[in-house]
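A quick write-up on the structure given underneath.
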């Protein structure tokens, strides 16, 4: 896949930092396992999403295996600006992954926030917020080994109980040359507890680089409120966009046109049925009855889904 798009991609790359200098709040699609792949990124870009992330990719596997590269990363000339998120724990491995991806993406992001047990036990994700010197070293290495000054290097973090430690981590990353920092306003133990937007604001006020706020943003109004609460330069959304990919365009719930667009995009990209179906289940959650869900959610083929959408919605 990488070889296929080498020619068309290199001339398309953008500087993501231009978004943060635009004076507008940058609207970002989060890295989501299984979901923020090329087809979904194509869909949300149609509805005012400014910047998209890939799902998290384990850098060591990506560097070691061409098969992993082909299965984990696909893109095309319209898929930009694009940030590829990596899980890594060694500076040189992250650099090697960044060097491979550099011609096809606009930046990389180091995952320092994933709270899943497997990631933490492997030394990835949220455990890195307790290793500020390692994070600093990884950012600095990528900065020194990638020739393109427009190629961004960002990190995504969770917060500590003691916020001074988070500010220290962010300042160390800033000193190493990080482009921006996305802050999920919960600590590693928190899942559905309220987001600490006050903590994001304190971090923002302590830094001179852009800060992106993440956590519990479900509507465009939420995004505006979080921007005012935190003074963040951007907002990153995960589940809110799954439920309503047109959210950033101001729709309160998924419009039928967006569902039609997803069908068109997914079929064009050859999206596997399970992924195609799951996205529709998320999108239609708020606009279907319990009885409709019982029927729709157990459909087992693309043709059955298409027939259902045609019969019930004229799509």
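Even glycines carry a Cβ here, placed using N, Cα and C.
Keep in mind that what you see is a predicted model, and the values were worked out from it rather than measured.
Per-residue confidence over the domain 'DUS-like FMN-binding' (29-291) averages out at a pLDDT of 97. Sequence annotations record features per position, and here TrEMBL assigns domain 'DUS-like FMN-binding' to 29-291.
Sequence annotations record features per position, and here TrEMBL assigns FMN binding site to 31, 32, 33, 85, 184, 238, 239. Take the CB of residue 239 (FMN binding site) and look out to 10 A: across all protein chains shown you find 14 other CB atoms.
Residues or ranges marked as active site, proton donor by TrEMBL: 114.
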_Cβ contacts of residue 33 (FMN binding site) (under 8 Å, same chain, 6 or more positions away)_ = 55, 56
_All-chain count of other Cβ atoms within 10 Å of residue 184 (FMN binding site)_ = 27
_Close in space, distant in sequence - residue 114 (active site, proton donor), Cβ under 8 Å, 6 or more apart_ = 56, 87, 120, 124, 125, 126
*Count the other Cβ atoms sitting within 10 Å of the Cβ of residue 31 (FMN binding site), across every protein chain shown.*
25
